[in-house]
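Please read the structure below before turning to the comments.
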Amino acid sequence: MEEGARSCLLQSRSSLEQDIRASYLMDHMISDGVLTGDEEDRIRSKQAVALLELLLRKDNQAYISFYNALVRESYGDLASLLHNSLPLVSPEAEKITPEPGREPRVSDVQAVLSEGGVPQRPVVFVSRPALMNRVREKLYRLQKEPGWVTVFGMAGSGKSVLAAEAVRDHALITECFPGGVHWLSIGQLDRSDLLVRIQSLCFRLEQQSQEKDPSSSLHRPPGSLEEAKERLRFLMLRRYPRSLLILDDIWDSSVLKAFDIQCRVLLTTRDRSLADCVSGPKSEVAVESGLEEGQALEILALYVNRKPQRLPEQARSIVRECKGSPLVVSLIGALLREFPDRWAYYLHTLQQKKFKRIRKSSSYDYDALDQAMAASIQVLSEEHRELYIDLTVLEKDVKVPAKVLSVLWDLEPEEVEDVLQDFVNKSLLFRDCHHRPYLYYLHDLQLDFLAEMNRSGLESLHTKVVRQYQQRYSKGPPTSGDEECLYWFRFLTYHMAKANLTQELYSLMFSLDWVRTKAQIMGPAHLINDYLEYSTILDKENSEVRGHFQEFLSLNGHQLEQRPFPDVVQLALSQPDSSEVYRQALLQAQERATRGGLYLDWVSLKSLSRLVVQPHQGSIYSACFSHDGTKIASCGSSKTLRVFKSTSGEKLLEIQAHDDEVLCCAFSLDDHLLATCSSDRKVKVWNVERGTLMRMFEDEHEEQVNHCQFTNTRRRLLLATCSNDKFMNTKNTMFGHLEPVNHCCFSPDDAYLSTSSSDGTLKLWEVSSANEWKSIDVADMFPEQREQTEVMVKCSTWSAGGRTIICAARNAVFVFDVETAAMLLEIRTSRLSTVQYCHACPSSNLVAIALSHYAVELWDIETSKKMADCSGHLSWVHGVQFSPDGSLLLSCSDDQTVRVWETNKVHTSSAVCLKRDSDVLFNNGDITVVAADNRNRLQVRNGRTGAVMFQSENQESRIRCTAICSQTSAVGLGREDGTIQVHTRVLEVPSGTSLATLQGHTRTVLHCQFTPEGHTLITSSEDTTIRVWRWRTGECVVLEGHKEQVRCFSLLTTTPSSETHLLSWSFDGTIKVWDMSSGERLQDLVCHQGAVLACDVSPDGQLFATTSADKTAKVWSSASWECVRLLNGHQDCVRSCRFSWDGRRLATGDDNGEIRLWNVKDGTLLKICSRDNKDAMDSLHGGWVTDLHFSPDNTVLLSTGGYIKWWNVEKGEALQTFYPTGANLKRIHVSPDFSTFVTIDNIGILYILKKVE
């Protein structure tokens, strides 16, 4: 390294070490070839210090690469320190030379291009040196840094051939792209097809890398565009640095953004502005729409094997008539090759044929193409001409395998390939040779011509496609997953719609079988779009049924993306009973049950969400509807802004919006603009259509910007923002709050702005003057708490008419009259939760409230009644907003989802959710559920009807456990303050109650259980004691001896005639056996080195098993009180255990979701469940295995965790999986006949699952 450069690095070293993130810079330096992978590993531990130490030992090129990396990662101030000492490097320094003693060969270039998928030179090729040199000149600019070269021009102008020819140069490859050249054909793609293309490219790159380096491994295909982009970025920057990626035929800027990964790119396109959407240096080359006369004549000469000067005079006239279009010249040339004496005929045909001009806004040379196409088709045999006309049904930019046409034409595949070869030879069809088997496609111009020529017969042509498909696949659709299979699943509905075969379309799309098969092969996104695209046709038959299928896919799309693929019939059984999806699923489940299948019908309340979307990886802080209701924008901790369709969740736009968490987003009234604000203190305004930054405000606020909102009317476009720096901005700055301002909101007529602050006040400002108009001290509403802690006003919202304003603070919502500032209504929510946000419905008296305990509540502010509790989120809900017409409600949460609800479908039956600490009584087909609700009341419910049979008053202390006894119609509850209550006669009609209150425990009661006869209640507590109560009299026996909390206990009877003892276990690692009558401790066993987490007694009482946080399970003898089996093998805490009913097996489950089946007799491991079914991004069971149950015949094992699973005991294979809306199931209650299963998830949803018979 030059001395001046080295000296500058040393002088700036302290500033650089303090400020840079080395990991951000290394990608660029590795791409430039100045850092190796080994050096990267050494740098990772010490970061900036190690990078600079290494840099000082390198050459001038490393200094330049480091400087460029600083510029690219926005370290402009640091880069300026190094600028004046930049060394000069000769271009020769970077040249890659061939191996010593070996001259470069043309075959070397061809090998590189073939390996990268670059198309070979056409048989008939004419050089265009001026254009080619311009492209190469631009490519040489990519030698030192990544960037973009755009080759643009009209269709058929030869862009692709030019791009391929430009890189067919040894010097260019060795000097600029020693990492290789990689070709990818794009065309018009949707998201799923784009993902497939990138997956294919990544696989090809990894395969080539593995051939060169056998130690490298192949990865699974990326599952999303975001993951695919990151995988491609890694491959291009790390494994193929200084390589060139060629993207052929790009149409859409959103597609191009997927390749914005800081690599070197050459793209061909018809739209020269596409590259404006990506970052990095850019250059472009325009391709003329037509060839020069000499070049066109040379092409014709090559086709007819003559010299250009020997061509007849008609040749020049043909070139002039077709305006030099490379495509048309090739079409005519191919015809002349077959009939070389027809010059005058083809010229006359071009001059005389009059086709109706195709009117589209494009740069096609329609006249020339129409004429050339007609002439081309006429030379086909009559039979082939009819076959060619059938290709009119193909979609643009869709490549089809010969098998599809074999079905359409009812010919053998070999015959089809012969026909297609004839079409290709005549330039009537194109073949993609990079796929095996080959794929075939028509140029857009050819398809346009065919569509115009066969306009009146299109319906019959599509009908032919459908009928031929039905004939070939009469027994069911293809499921091979090959190109032919994918074509039919993607386009069969399209052909039916175009053929106007409405009954066939109804039958197909209203079929759960079709949904299952297509979702498994193509994923749910295509299906949802089908129901949207063909909604007009489907709604003529039954709009309600179409809604049923669309709702099912929207709510379960995230499940249908999982692998292994879930059982769609089981998922569909969770739909409402009135749904056609549920009806079909129930019929299929009943039929499969006769053949041994296991299915569960969820007979209690089901999901009310209309759509569930997971747009970000991280918490979502804000989401909003566009004013036309068709789009939703969301933002959060991922620093991104995302816009998606409110109907299907399909992503429309994604922007890396800020350098820190994005706290709020808002649409302008016309939906053309989106504002975002962030913890990085910046406010940005984006163009929604293009995703470009229109304006940035970075000096207006000194601290994080909490909220932003545009005005509601068209009089004037203003944007209001508020911040932790205690003031607000519109066109003026408003001062007045003493603490951070959390929220701001314009009145419906934009006359006033309301602001909510951590100083406990709600202020109203006149927008025209920026003067404070009114101030409401909300903190005064909490007189008992004001002195202890500050009262933070979180947000405010205006009623539809603007006469009242509603604000949220702590666990309350207040409604104030705007004119008088008088409080009209107070809504108090759960004392255990806080209100995060509220929003008033623009078309009714409803207000939506977002709560920290995972719920969304709807209240009517006129009647002061709670209307609904929308359960579904798995974490804090940060925001809610009604759609402009009030028909929909969205909510966003820390659980990374946005949920959309239909306002008129959420009802009062959803207003109460239950806690997981429950007990269930099964009695002659009746199901009784006892649990605490979210208002801390004890509820007893009829499991069949959902009716509340008994409900206690609100408890003073949180209810932590419950128990029910059928003999005495009594229920018991234990509270956090140590109190126990017993309510009697709760199962009688009408229900009545007498209350027994039992005092004694000093800390939380963790478990309570009645003895079988119901006269005794046993409780255990965090206070380390167990108490045996004669609950009617209050008599109590205290069992003392544990040193830590006693979470549970079990009754132990060694023989039918023997006395029942009590077996208890604790976090102190011990098991103790007690005489319940005297309180005497009979046995004290130190069982484990860690906490005992579970215990189960064998059915005959001779053995009991314990599991522990020490990752072991043990089997003990009830006779000798000795450990008879030590079971090792779990890799995490062993959370649960259960003996089979015959006592021969023991099941154990751990915190990694693994279940092991053991032979009790000798302690051998029989099976490991879940090992081959690990879910992506999850433990084996979606969480800890918390409960286990064997069926009475010991053939089926039931387990709970993140979800519920049923297992074949002999094989250790999953028979069925039920996915709850929530997660973290604590336990499950099972009926004696193993036909009914009851549990409650962590968001309070009750699941009563009945085995389908």
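Any Cβ shown, glycine's included, is placed from N, Cα and C.
The domain 'CARD' annotation in TrEMBL covers 1-85.
TrEMBL lists 655-696 (among others) with the feature repeat 'WD'. Using DSSP to sort the residues of the repeat 'WD' (655-696) gives these counts of helix, strand and coil: 0 helix, 24 strand, 18 coil.
Annotated repeat 'WD' per TrEMBL: 734-775 (among others), in sequence order. Below 8 angstroms of C-beta separation, residues 703, 706-713, 715-716, 718, 720-728, 786, 790-798, 800-802, 805, 807-809, 816, 818, 821 of the same chain, each at least six residues beyond the ends of the repeat 'WD' (734-775), sit close to that stretch.
Counting residues 6+ beyond its ends, the repeat 'WD' (870-911) has Cβ neighbours under 8 Å at 605, 607-625, 627-629, 632, 634, 636, 646, 836-844, 846, 848-852, 854-858, 946, 1221-1223, 1242-1245 in the same chain. For 870-911 (among others), the entry in TrEMBL reads repeat 'WD'.
Per TrEMBL, repeat 'WD' is recorded for 998-1039 (among others). Here the repeat 'WD' (998-1039) is broken down by DSSP into helix, strand and coil counts: 0 helix, 23 strand, 19 coil.
A mean pLDDT of 90 is what the model gives for the repeat 'WD' (1039-1084). Summarising the annotation, TrEMBL assigns repeat 'WD' to 1039-1084 (among others).
If you look up TrEMBL, you'll see 1085-1126 (among others) marked as repeat 'WD'. Same-chain residues lying 6 or more positions outside the repeat 'WD' (1085-1126) and placing a CB less than 8 Å from one of its CB atoms are 1044, 1048, 1050-1055, 1063, 1065-1073, 1132-1139, 1141-1143, 1146, 1148, 1150, 1158, 1160, 1163.
The repeat 'WD' feature in TrEMBL is assigned to 1127-1168 (among others).
Same-chain neighbours of the repeat 'WD' (998-1039): 960-968, 970, 972-982, 1045-1049, 1051, 1060, 1062, 1064, 1066, 1072, 1074, 1076-1079, 1081, counting only residues six or more beyond its ends whose CB sits under 8 Å from a CB of the stretch. Here the repeat 'WD' (655-696) has long-range neighbours at 253, 257, 276-277, 621-628, 631, 633-643, 702-714, 717, 719, 721, 723, meaning same-chain residues at least 6 beyond its ends whose C-beta is under 8 angstroms from one of its own. Under DSSP, residues within the repeat 'WD' (1085-1126) fall into helix, strand and coil as 0 helix, 23 strand, 19 coil.
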